[in-house]
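Below is one structure; the comments refer to it alone.
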Amino acid sequence: MRLLWGLIWASSFFTLSLQKPRLLLFSPSVVHLGVPLSVGVQLQDVPRGQVVKGSVFLRNPSRNNVPCSPKVDFTLSSERDFALLSLQVPLKDAKSCGLHQLLRGPEVQLVAHSPWLKDSLSRTTNIQGINLLFSSRRGHLFLQTDQPIYNPGQRVRYRVFALDQKMRPSTDTITVMVENSHGLRVRKKEVYMPSSIFQDDFVIPDISEPGTWKISARFSDGLESNSSTQFEVKKYVLPNFEVKITPGKPYILTVPGHLDEMQLDIQARYIYGKPVQGVAYVRFGLLDEDGKKTFFRGLESQTKLVNGQSHISLSKAEFQDALEKLNMGITDLQGLRLYVAAAIIESPGGEMEEAELTSWYFVSSPFSLDLSKTKRHLVPGAPFLLQALVREMSGSPASGIPVKVSATVSSPGSVPEVQDIQQNTDGSGQVSIPIIIPQTISELQLSVSAGSPHPAIARLTVAAPPSGGPGFLSIERPDSRPPRVGDTLNLNLRAVGSGATFSHYYYMILSRGQIVFMNREPKRTLTSVSVFVDHHLAPSFYFVAFYYHGDHPVANSLRVDVQAGACEGKLELSVDGAKQYRNGESVKLHLETDSLALVALGALDTALYAAGSKSHKPLNMGKVFEAMNSYDLGCGPGGGDSALQVFQAAGLAFSDGDQWTLSRKRLSCPKEKTTRKKRNVNFQKAINEKLGQYASPTAKRCCQDGVTRLPMMRSCEQRAARVQQPDCREPFLSCCQFAESLRKKSRDKGQAGLQRALEILQEEDLIDEDDIPVRSFFPENWLWRVETVDRFQILTLWLPDSLTTWEIHGLSLSKTKGLCVATPVQLRVFREFHLHLRLPMSVRRFEQLELRPVLYNYLDKNLTVSVHVSPVEGLCLAGGGGLAQQVLVPAGSARPVAFSVVPTAATAVSLKVVARGSFEFPVGDAVSKVLQIEKEGAIHREELVYELNPLDHRGRTLEIPGNSDPNMIPDGDFNSYVRVTASDPLDTLGSEGALSPGGVASLLRLPRGCGEQTMIYLAPTLAASRYLDKTEQWSTLPPETKDHAVDLIQKGYMRIQQFRKADGSYAAWLSRGSSTWLTAFVLKVLSLAQEQVGGSPEKLQETSNWLLSQQQADGSFQDLSPVIHRSMQGGLVGNDETVALTAFVTIALHHGLAVFQDEGAEPLKQRVEASISKASSFLGEKASAGLLGAHAAAITAYALTLTKAPADLRGVAHNNLMAMAQETGDNLYWGSVTGSQSNAVSPTPAPRNPSDPMPQAPALWIETTAYALLHLLLHEGKAEMADQAAAWLTRQGSFQGGFRSTQDTVIALDALSAYWIASHTTEERGLNVTLSSTGRNGFKSHALQLNNRQIRGLEEELQFSLGSKINVKVGGNSKGTLKVLRTYNVLDMKNTTCQDLQIEVTVKGHVEYTMEANEDYEDYEYDELPAKDDPDAPLQPVTPLQLFEGRRNRRRREAPKVVEEQESRVHYTVCIWRNGKVGLSGMAIADVTLLSGFHALRADLEKLTSLSDRYVSHFETEGPHVLLYFDSVPTSRECVGFEAVQEVPVGLVQPASATLYDYYNPERRCSVFYGAPSKSRLLATLCSAEVCQCAEGKCPRQRRALERGLQDEDGYRMKFACYYPRVEYGFQVKVLREDSRAAFRLFETKITQVLHFTKDVKAAANQMRNFLVRASCRLRLEPGKEYLIMGLDGATYDLEGHPQYLLDSNSWIEEMPSERLCRSTRQRAACAQLNDFLQEYGTQGCQV
């Protein structure tokens, strides 16, 4: 052996003497665009005195003659034999050398150029190079949002911070993009960042589905410099308290015989930190690797919270029993998790919050063992360092844990040697164990175990490097602990095994992808190197050392992690010393930095963390260091079997002319291949077995849908008949029937009670109400601002009114110190005594509302407080308001207190509840919230449009009649609103029309939930922008209008992307098949919007490509999932629909050609052009046949003209269209034609008088005429026929903008904008209009002077009494438009609207099957409550447990109060059907206004839309409205159901309205009223005597026949009639019948004698008159009896045109005595007095 080593030493010495000079070239293996590249050059083995000069630069490997960077010179010598250079990589040079055009991969070549290479080394060239990976990634971008979670429709505010590679502010241009939860880009913005901080915001579309959205940013010239942040979108309400589940141990051991009792603690605390009083409902289950839950039956528990906490124990026996029911044992649980769900119901207010624990693992050891920091390479003859990290299952480091190592060393020809070592972990859970390694080693096998008696075990095998090499380099680290910034790290270098005689070690330090330091150290017996660790080396670095032995480099490396806890600079946030604050107080926020910096602040309610997912965390320094470390090019802990491997693993590229590292292929490190064994646990439970019978995911989902219950009664056969896919129907039906057989028929319901303080006492020694601040401002976040701070600044902040914990975040950006994220500061805002108040969304006049504020007392003493509701006009309150209730609130508890309130005015009132303590205990709180009060009945709208033409003498005077709808509620005080304009283009497309704050969408009064409807946000705005651009009229509108237009277009683009599918197509709903028609519509509009939305042309090219796949052989297009059924469009059914669709797609494809700008898309563009030509031939053929209806003829003519089809085809289409034109006056339009099968409209209106209102046409006529106008403009320009068609279209616009529905509005505005561009003139014209009317308040007159270029005073909105006629006089030389809008509430609707459609809504009290309907199929498996005869059944079965899992998706706090839960829930049934002879456009919408105080259960609505047997296409909830979308209305009655919960008690609930209408023809509708269940407490009286008396103050008082005492007052009837209130009518009537009308009772009577009249000139004996009284009044007139009624004239009329009378406090109602009664001696005088009054008043009236 000695001889062998001697020979090796001799040969090495001989080799050393032959070492040749060489140039070494080092660089990071990746070049980042625009970032300086560190390059190391070194001379090796050159003769003494040698000087070498040269330069380094980058070049394109394929284009050697053009450099990609400037050249950097170097000079090396034998004394100064190395240099570290910096090479700039400018963007302009990278482009000029063609790097961006490389096809084979993004590589760039680093080149060293020196004549010495050729002259002294006899090389063939003076170039030495190495290939590097080229990346456009550079710098750092950090993003921040103002909240982690948002509701759909909420505004997102965000910031982007830009830094360069050295973490200093960057001012480059960035591109920001927003992606929705489907991964589709919905927003793109390019911005310049002069301050390095960019702030912006956007609104999430209200139709967005729940999911995770992403905002990403990149430097605009660096496509790979992408950074992003995520946030959650879902419907939520901020929780009032948070629930946490904490297991006793973070793991559950599954070792046989060692299963312990499972302990867990449940904690519930209000967001402001105080404990919750209430009850906890807990259930358990299993979670598998895929997250699927299986619930344990029988382990449910109910416990009371004590001081906000509850302790739960699950015994070994209970758990094993539950496992046995699943046919499982303890050993089957390895790798699974125990799932725990807890629902807490707060006692005082009945609010519910939930939490779940999903990280409680079943494990074989309580520890985990991590060997990732141990090298995978060893140095023979040098110690091998084993580095292990031991963690507890919670993830925290495990200190003091024994780690045992068994190291087996294998050497050739000898017996393996085993070393056993034991060492305890340090405070950070780590151990570093050196293992002695002999020089002859071939393999090292390590077996490591941590902990006892159930250790975590890991194994590692390390092979020795190949023998026969040039020796080895060992890097030894005396102190293995991670250094901190500012420490000095000592490393020892040793050459092992070669006997090499070199003079120096060379070493480099690499951090964040750059060589930051290069040096050499003379060789000694033990060479020590000291490394000072500064901020540039954080959070980790590689130390790489090497030497040369002969012609071979010998190298090793070591990765060093740095404890980089703080940022380079400094940012500290602090507040004044108080631990607790009160709302409305000022707080001084201290900002401290160590340099001039911009500090970005934000404060958010920590309740948001409880509302959302825990995964969306705010930006912190950990994320910053993670981003910095992402530039680290090294992979692994260091080392390698060869020098080239060492360099590559450290992220270095190397070349010495003879050998070099291979070019890197990707930025990231290769991932270790890990395999996970899928567990196949057989639960053998009924439902799981059933699911297991189906292999395909589709069949499984259908089966799962089948076992899920609906919130309404349906047999499985009925449900299966609705499933559209045949292959889904069988598993759905089978699983539905199977689940039905498993369900139990009854469940127990538990109730709990609350106490109320009802005693009303007078105010005594109370503190002044003015001293109590009113709380009314409750934001979710605030303080979103950026401050400039020079080392120190104090901000004075005023705290909002929320009682919560605020978290203030700060982030600083300094030119000298870079980015720093401060530790957040928490501010707890709290009042020891406070109240909490909930209000319903809205109530109606004279309904009775029970307010139930909850008083919280966290003081250590009992409090007696006085609580009252402040007086406010429009509300009836006890004592007129201000009368207080005195309530005792014990220390540390809460008490609810009830107030009855009756609203009497239809308005929004600010309702303030005040609680006051005494001077002895001066506590108090006041909360103000707005209560929305609406009128009775349902809103009805009607519009009139008049053309103003002073040039036609017949139209210079108009008379607009007043409205006298017999259904109008009697005391609504309604008005007619008049709007006059002299500029139709600016009126329709300006800042009050298409560019109004909500766009046309907000003006249509239609829902916008489906894919087609949402385009109303985008298309009209584009038409308006196009008109204003072309006519240069932006300046006539408010300055911000154009910015607003761009914002509207961006919002529309974001909305429509919610409906895009991966193949580029669009669907009305994502769950439906793609629609050809909708996809074409989107393509057309987005092609026109490309510039504004910054959308991807490639995405629209995909859309065009999908449309081509829908074209048939004859050139037509098919639509397998139509959005609208257009069979009603006129002409031949079916044929017309195909023709219209083909024309529509052809138009879209033509507009879509604009996105084919790049050369690569040319083949697809040619295919599109060929498709258009083929479709045009089809259309021409159909037009030539002459059988098309008006709509198909119009769109065909336009398509052929737009695409420049052959002239003969265009001519035929034009002639066909003009043959169908219809005239009315000077207007031209296209509607129904003779022989049309359309049932949509009435016959053509006859020519009219100019002073008559313009007949309002249906949506289809408007759309047809718009297409005709578009055709005429292309065919003949602005000519007479185009003028006439445009004039007709203009007069069809609604009062507030838009037309009837979405499609007609989009096409009409498109056509009118094109016409107005063509007809624009700068000539000024004037219009003079005088309006006059005599109304309730006398004569009223307005004179208007308008011109056609005005914007100020462009639209004058005037109000006139609804029943009064309006006289109009017109003058001037300009045409204009006058529109009248009448809005009023009606008593009844069905008689006038329900011709073709029918809707019926019924509400019932809670029924048994609806309870079960809220459960998943999992509940049926394992969670059925024990039956009554079960001996183990709990004494009080728990209702919330039955609701638990089924409501996981409902909005928070949807749980009703525990008190009287059954009574506060109702079941809605909505039934729709239609007349079988009537055709519909397809989509219909049921708009159900819920009864006051109710909201629908979202989980129920989701079941109607999300299962395979879909009943409703989509649903929306807006305030008290539930909108249900139906694809069609059946001819037979079809019903759907859902539950609703009343959060706030309301009594005397009035009927609410429901409307069913055809979306695309809204005039076709049915509106009805429905009421609360009969004998329901919803109809009971809630008010106290005094409040009831106030509410009835406006009610009439019935005078009983010959009331006692009144006869003593002479002439009391005459005084009422003639003095106060002085009546306007007096009748003696006989009551015939009573009828209910909305919130009123109607009495139909026959006049028997007329005593007096004012307005009712036709009143006579035997005529009929109607009298109305509010349903909330107690007055009842008995049919068959006669009454004397006197009062004031009414404002409404019956169907015959006769006045109707409202009976109120100004009415006299007296029952007429019978003849028998008058004959009695006692009443004779009184009867005579009554007859004398009737005689005198009837003949002489009032003598005053």
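For all residues, glycine too, the Cβ spot is worked out from N, Cα and C.
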Partner cysteine of C702 (disulphide bond, per Swiss-Prot) from C716, C728: C728
C703: disulphide-bonded cysteine as recorded in Swiss-Prot, out of C735, C736: C735
Position flagged as sulfotyrosine [Swiss-Prot], chosen from Y1229, Y1420, Y1511: Y1420
C1471 - recorded disulfide partner, Swiss-Prot, among C1394, C1535: C1535
In Swiss-Prot, the member of Y1417, Y1612, Y1693 to which sulfotyrosine is assigned: Y1417
Cβ packing number for N226 (N-linked glycosylation site), 10 Å threshold: 15
N226 (N-linked glycosylation site) and N1328 (N-linked glycosylation site), Cα-Cα, nearest whole angstrom: 60
Alpha-carbon distance [C1673 (disulfide bond); C703 (disulfide bond)] in Å: 54
Collapsed DSSP category at C1727 (disulfide bond): helix
Cα-nearest neighbour of C97 (disulfide bond) within the listed recorded positions, N862, S918, C1535: C1535
Between C1618 (disulfide bond) and C1471 (disulfide bond): CA-CA distance (Å): 53
DSSP three-state assignment for N226 (N-linked glycosylation site): coil
Composition by DSSP (helix, strand, coil) of residues within the domain 'NTR' (1595-1742): 32 helix, 52 strand, 64 coil
Averaged pLDDT, computed only over the residues in the domain 'NTR' (1595-1742): 86
C68, C1535 as disulfide-bonded residues, winner by CB count within 10 A: C68
DSSP helix/strand/coil residue counts for the domain 'Anaphylatoxin-like' (702-736): 23 helix, 0 strand, 12 coil
Residue with minimal Cβ packing [other Cβ atoms within 10 Å] among the disulfide-bonded residues C635, C1727: C635
Entry from the disulfide-bonded residues list C703, C1471 having the most other CB atoms no farther than 10 A: C703
Candidates C716, C1618, C1673, C1718 (disulfide-bonded residues) - the one closest to C702 (disulfide bond) by CA: C716
Number of Cβ atoms other than its own within 10 Å, given for S918 (phosphoserine): 15
Rounded Cα separation (Å) that holds between C1618 (disulfide bond) and C669 (disulfide bond): 99
